[in-house]
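The structure appears below as structure tokens.
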Amino acid sequence: MTLHPLRSTRSARTILGLAAALMIGLASPVSAQQASGTALANVLVLGTGGTIAGQANARAGNAYDSGKVSAANLIAAIPGIDKLAEISAEQISSIGSQDMNDKVWFDLVKRIRAAIDNKEVDGVVITHGTDTMEETAFFLQNVLDTDVPIVLVGSMRPSTAIGADGPANLYDAMRVASAPESRGRGVLVVLNDTIHGARWVQKTNTTSVQTFRSPDAGPVGYVDTGSLRFLQPAVAIKTAKLKLPDAPPLPRVDIIYSHANMDAAEVEDAVKRGAKGIVLAGVGDGNSSKGAIDALAAAAKQGVVVVRSTRVGSGYVNRNVEVEDDKLGFAVSLDLNPQKARVLLELLIANGITDPSAVQQAFAQP
């Protein structure tokens, strides 16, 4: 295994925490490439920070700081991972994913495109905080035109915790990224022995290691006793229908959360702040109060793109049921939750797609 660059300083506490997590039942099976005598896949690991790179701090209890351990050091502490691929590691950012932003997204796209265009890699792994991982995965799926596996991985416990889940998750992500059968499946998210598709995956629990689920579609596969088990053949996934601007930021799109006793104020404030689009995290089937719906209709007449989504954790938002979408000029998010609907709407507006029917068509693409 070759790590470029390998940061020279490593906390002994970090190494012990990572190694301990792996010693409990994690074997290092010989890869298919090694067994057949063929060359190992080349996998680029891009670090962005997050809990997976977290370290305990001196405050007390379970407190930790995100993004303190480099991607290179995370990899170097995992026994047997060099049996899976030829690995290079680079640091894009060192932040908690609550601070994820357009600049980091643009930097990721630039580096991934360069690596693929230069034929440097057979797969890419991105270490990432779990809080906004689903948004980054969905963003990348909409702008990267490649069948090279792009795999996001994180953890729910910091690297120094007893029972840290990051090492096993990263090991599994490396298996997925280096496997030929992972090609052509879009951007993937790997945690807790489970492989999810970027469109469907959601974080569903604040602290559980089983937090990532795909409520409306189910996982696309599993990392199972040393092998990958995909549940279906690779299918057509929307890639690179949308172009990025030359530089960030993307157009402003606000999410407005619907609730009881809601008036028009939040919608009107979003318009005043310069929102080019609004995603409604509506009650039930993407609905809201009369005052809010009227304000959204007024915003749509002013050229603000309005998409109805739902604050409910699963299910589809349907057109023209209680809300007259055709009449009011709204689109609906279908299966996309508000945060993913926001990502797609940002990209659509950046590409000049603002007509409600064209927006609706884009949301319907797989």
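Each residue, glycine too, has its Cβ placed from N, Cα and C.
TrEMBL does not curate its annotations; it predicts them automatically.
Because the structure is a prediction, the values reported are computed rather than measured.
Taken from TrEMBL, the feature signal peptide applies to 1-32.
The annotation domain 'L-asparaginase N-terminal' is assigned in TrEMBL to 42-234.
Sequence-distant neighbours of T51 (active site, O-isoaspartyl threonine intermediate) (same chain, 6+ residues apart, CB-CB distance under 8 A): Y64, S66, G96, G129, T130, G154, S155, M156, R157, P158, G166. Annotation source TrEMBL lists active site, O-isoaspartyl threonine intermediate at T51.
The annotation active site is assigned in TrEMBL to T51 (among others).
Annotation comment: TrEMBL describes S97, T130, D131 as substrate binding site. All protein chains considered, the CB of T130 (substrate binding site) has 23 other CB atoms within 10 Å.
TrEMBL lists T130 (among others) with the feature active site.
For the domain 'Asparaginase/glutaminase C-terminal' (252-363), the DSSP-based tally of helix, strand and coil residues reads 45 helix, 21 strand, 46 coil. Positions annotated as domain 'Asparaginase/glutaminase C-terminal' by TrEMBL: 252-363.
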Can you give the mean pLDDT for the domain 'Asparaginase/glutaminase C-terminal' (252-363), rounded to a whole number? 98
Among all the protein chains here, how many other CB atoms are within 10 A of the CB of D131 (substrate binding site)? 18
